[in-house]
Protein chains: 2
Amino acid sequence: MSQIWIENGLFITMDDAQPTFKGHMVVTDDRITYLGTEAPQQLAEGVQKMDGSKLAFLPGLINTHGHAAMSLLRGYSDDQNLQVWLEEKMWPMEGKYVDQDTRAGSALAIVEMLRSGTTSFVDMYDRMDQVALMVEQSGMRGCLTRGVIGLCPADVQDAKLAEAIAFARDWNGKADGRITTMISPHAPYTCPPDYIERFVQAAHDYNLPLHTHMSETITEVEQNVRDYGLRPVEHLDRLGFFSRPALVAHAVHLNDTEIGLLAAKGVSVSHNPVSNLKLASGIARVPELLRAGVTVSLGTDSVASNNNLDLFEEIRFAALLHKGVSGDPTAVPALEALKMGTVYGARAIWQQEDIGSLQEGKKADFIAIDIEQPHFYPKTDIVSHLVYSGSGRDVKHVWVDGRQVVRNGECTLLDEEKIRYEAQASFDRLLQA
Amino acid sequence: MSQIWIENGLFITMDDAQPTFKGHMVVTDDRITYLGTEAPQQLAEGVQKMDGSKLAFLPGLINTHGHAAMSLLRGYSDDQNLQVWLEEKMWPMEGKYVDQDTRAGSALAIVEMLRSGTTSFVDMYDRMDQVALMVEQSGMRGCLTRGVIGLCPADVQDAKLAEAIAFARDWNGKADGRITTMISPHAPYTCPPDYIERFVQAAHDYNLPLHTHMSETITEVEQNVRDYGLRPVEHLDRLGFFSRPALVAHAVHLNDTEIGLLAAKGVSVSHNPVSNLKLASGIARVPELLRAGVTVSLGTDSVASNNNLDLFEEIRFAALLHKGVSGDPTAVPALEALKMGTVYGARAIWQQEDIGSLQEGKKADFIAIDIEQPHFYPKTDIVSHLVYSGSGRDVKHVWVDGRQVVRNGECTLLDEEKIRYEAQASFDRLLQA
């Protein structure tokens with residue numbers, strides 16, 4: 001048994017019953033076993049004590065949409081029209097990927113995420129075995145899925161679906177439960193309806209949740225209406241998509257009926273504000289989604305459209321953007337934005353019993369922020385400070401499943417220098433290949 | 001004579017003739033005396049050599065609108081309607097300020113700005129002598145002005161204007177030229193027209209530029225039309241405001257005629273995207289302003305509406321926000337956003353001959369960024385990396401006027417711990433007073 005006692009920390013729990021307090025936390029093996037203002041009793045022999053007095057402790061952040069391996073393409077193409085970016089830049093480079101590139105890109109992404117306080121991430125890509133291996137090694141938590149584009153002959157469709165199912169089945173619950181899986185048709189505009197129905201059936205057969213891109217651009221919504229006579233939410237609903245636990249990414253262009261349907265079906269949304277701005281996709285109707293009772297979580301999308309994986313930025317954009325757009329300075333208050341990055345993120349990936357808040361009995365996924373910095377002074381409202389002034393760079397330590405994976409800003413289980421070097425080597429090779 | 005030779009750095013100059021290169025820079029006393037790909041010749045004896053191989057060098061950032069002393073009010077009131085925020089929260093606290101509070105708040109702001117790579121800032125507030133003293137001590141560059149609200153009896157108006165003139169006259173050119181001054185009626189909606197005309201006359205008399213808040217909210221624009229029959233730009237123009245060099249902050253709500261008039265009169269704009277979002281003021285028409293040829297620079301406004309002073313954030317918001325709002329992913333490209341934070345900032349405060357870019361003969365105001373971090377890999381487009389992934393936390397060293405004012409992330413001329421302590425003490429006293 002291993003035990004850590006954090007003394008005199010400032011705990012921002014995301015648990016409404018005890019939201020923020022100065023006190024103590026005990027972690028025993030992989031779980032939080034004590035949280036309170038009084039010093040803990042009955043500690044194990046050899047308990048490791050840690051001075052928390054200059055730190056704020058938060059649940060680890062949860063990034064609910066991304067493509068880690070694309071980290072190799074950071075800065076390769078920016079400020080372009082979507083079609084140029086996608087067809088002339090992203091797809092040709094992605095077409096040249098081999099397993100080593102996927103590992104190199106995923107490793108770079110995982111280092112960046114862990115250092116900036118993200119402890120769980122959703123990843124949708126191909127060569128997912130390689131991503132899963134990196135998750136296993138890094139100590140991070142991942143909800144992984146093979147994203148399938150279905151605009152291909154029937155035999156290729158069959159093979160891709162089989163691969164997606166095999167990955168989801170083989171890796172679910174692996175790495176001491178840190179890895180969970182979903183299955184994913186890439187998007188309604190890249191998968192024919194009958195193919196989507198086969199994913200839905202597989203989700204039932206293997207008891208898996210579903211993830212997809214949905215209504216990211218107005219163009220795809222219009223195309224959906226043209227091709228199928230329905231907007232994407234109703235279209236997916238008809239295909240049975242929402243009969244399973246489902247997480248949809250983007251959901252930028254929604255009408256009121258669609259928002260109501262998402263709420264009624266318990267569908268979660270991954271809001272990706274930075275990516276949606278950078279690609280000029282638009283601005284999601286987040287205040288309306290929240291008011292309707294939809295679980296809205298946050299995702300970075302890949303660095304090719306962001307270009308970083310610091311979830312504090314998504315939290316800040318979520319808090320600021322919707323005020324400016326709605327004209328209402330009370331839209332998406334700081335605490336709500338922070339919940340989107342933590343407790344709502346846990347709910348979006350069906351892990352709210354285990355992660356997303358600091359509570360006795362939950363998994364010990366948490367981060368420590370260095371608050372002795374000018375931008376956190378004077379000490380007033382710590383939630384406001386974290387949301388409006390905080391950054392992933394303020395994260396000093398990170399624990400996942402009770403294990404310290406970042407210490408003093410450096411990953412403990414990964415060789416960061418080697419990972420930077422290998423990412424560069426992969427990128428250079430892709431450029432020349 | 002003191003001389004520094006930076007070897008093998010990556011220089012992002014913001015000079016279109018030689019925008020980015022790997023090479024060398026020599027600083028002699030307060031000026032850049034060499035920049036080039038070849039190693040410099042004819043160096044002074046005792047030249048200090050610095051290895052730049054893991055750093056990127058940029059001109060120091062320029063923050064063209066703020067109220068430093070309000071740093072004491074960070075997190076004191078967020079997510080409120082504007083009137084509650086201003087009348088119930090900000091004004092009562094500001095009313096209790098004494099000199100010591102202004103010094104404490106300004107010092108906290110200066111520490112935060114310097115550490116995050118801002119080397120020059122515009123400050124509009126009262127008790128400006130106290131701000132100037134802190135600028136002098138910190139080694140920073142400041143363009144300072146006493147902002148005057150004119151909704152008061154004539155004798156108070158007279159006294160305030162006299163104070164504003166005295167400050168501007170006494171401090172202009174002080175601190176080895178690091179301090180420059182302007183005069184500032186606070187805003188068209190807080191100063192009667194005849195009072196604004198007296199500022200314009202004073203600006204002529206003392207050869208000073210003018211700064212004011214303008215068209216931040218739709219309410220004040222409507223009020224201007226109601227009270228004076230004109231929108232704010234035409235109103236200020238009639239009062240002679242643009243017969244002097246002028247910088248206007250916010251400029252959110254402009255019609256095409258107003259944009260044309262600002263361009264024709266050579267008026268510069270300080271765009272404050274985060275503050276405008278947070279207070280739900282709206283989103284400035286930056287692409288249109290840039291297209292019209294207006295100099296658009298960036299400001300944080302005070303931390304009470306931001307809540308931080310990291311200009312990298314304003315740069316990123318400027319690059320992202322206008323893409324999403326306009327639907328054009330090529331709106332405000334990364335390089336243009338970085339120019340807004342550097343070379344356009346210098347132009348906005350009439351110091352383009354001396355600062356804003358790295359060029360031989362210019363003042364040595366520059367910053368060094370630690371680029372050996374995961375979010376700057378792979379090495380592709382450094383401007384894109386800085387704009388879309390960079391942060392003030394990545395700044396390692398800062399020089400102003402050839403003097404190193406930040407070394408390894410810590411201010412060299414200021415006692416940061418004392419400044420944090422005094423800011424807290426001031427805030428606690430204001431709360432209880």
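Just so it is clear, glycine is given a Cβ too, placed from its N, Cα and C backbone atoms.
Listed in TrEMBL for this protein:
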BINDING   A:His65, A:His67, A:His213, A:Asp301  Zn(2+) binding site
BINDING   A:Glu94, A:Arg146, A:His186, A:Glu216, A:Asp301  substrate binding site
DOMAIN    A:58-405  domain 'Amidohydrolase-related'
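Feature map: annotations from TrEMBL on the structure.
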{"residue": "A:His65", "record": "Zn(2+) binding site", "Cβ within 10 Å": "27"}
{"residue": "A:His67", "record": "Zn(2+) binding site", "Cβ within 10 Å": "25"}
{"residue": "A:Glu94", "record": "substrate binding site", "Cβ within 10 Å": "20"}
{"residue": "A:Arg146", "record": "substrate binding site", "Cβ within 10 Å": "26"}
{"residue": "A:His186", "record": "substrate binding site", "Cβ within 10 Å": "19"}
{"residue": "A:His213", "record": "Zn(2+) binding site", "Cβ within 10 Å": "25"}
{"residue": "A:Glu216", "record": "substrate binding site", "Cβ within 10 Å": "26"}
{"residue": "A:Asp301", "record": "Zn(2+) binding site", "Cβ within 10 Å": "28"}
Handout entry: DSSP three-state assignment (helix, strand or coil) for A:Glu94 (substrate binding site)
Key = helix
Practice task
Over the domain 'Amidohydrolase-related' (A:58-405), work out the mean pLDDT and round it to an integer.
Solution key: 97
Handout entry: Cβ-centroid neighbours of Zn(2+) site A:His65, A:His67, A:His213, A:Asp301, 8 Å, sequence order
Key = A:Gly66, A:Met124, A:Ala249, A:His250, A:Ser270, A:Asn272, A:Ser275, A:Gly299, A:Ser302
Problem - Candidates A:Glu94, A:Arg146, A:His186, namely the binding-site residues, that fall within 10 Å of A:His213 (Zn(2+) binding site) by Cα distance - result: A:His186
Practice task
Rounded to the nearest Å, what's the C-alpha distance separating A:His67 (Zn(2+) binding site) and A:Glu216 (substrate binding site)? Just drop the number here, would you?
Solution key: 16
Problem - Cα distance (Å, whole number) from A:Asp301 (Zn(2+) binding site) to A:His186 (substrate binding site) - result: 14
Handout entry: Rounded to the nearest Å - Cα separation of A:Glu94 (substrate binding site) and A:Asp301 (Zn(2+) binding site)
Key = 16
